[in-house]
């Protein structure tokens, strides 16, 4: 009777050990699956981090190109402003010359008025009219010649002033164009800088995620090793119990 009770106890112990072994095996398989899942997530996170790094590199290259274009546009704008300043100085010189010609014209008009006044006075004195008329005709002729020369000069000055004005308008249009390009490039650089900062933030987050996943995997690997050791111990105990049973 005592032998049967001992045998039953051994069987129950075997069953309990077998159940522990099965449970340990299930835990080990579960930990292995969890470890595989964590490895897959780590590989995916590493792939995302690599893609973000490539994206950051592309954004940096695009930012460099935009900065080079902006530098070129600023240089062209500076040259256009210098040309506009030179044209403005030239226009002031022409305006001064035109003012001098206008002064000469006023003097000629005064001389002409004086000649007319003398002519009016000559009407009252016939003899003086005849003598003074010859003088006045000569003076009037010379005055008309000077007036014609002044008119020709004024025409040339007006044409030159028109050309300078047209050139100045062209330079102003070019300056506005370069200013618009400069604003556009600055806006593009701002957008690229924002994208670069966002990509860097995402890359830092991905790197922290990879570190956490690596820590989780290390912990799971340690737990798996412990479970395997427990499983080996249970199998050894089970084998020892079976040997004892066979001896009985």
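Cβ coordinates are placed from backbone N, Cα and C, and glycine is handled just like the others.
Annotated range for region 'Disordered' in Swiss-Prot, selecting from 58-77, 78-97: 78-97. Cβ neighbour count for residue 215 (N6-acetyllysine): 11 (other Cβ atoms within 10 Å of its Cβ, all protein chains included).
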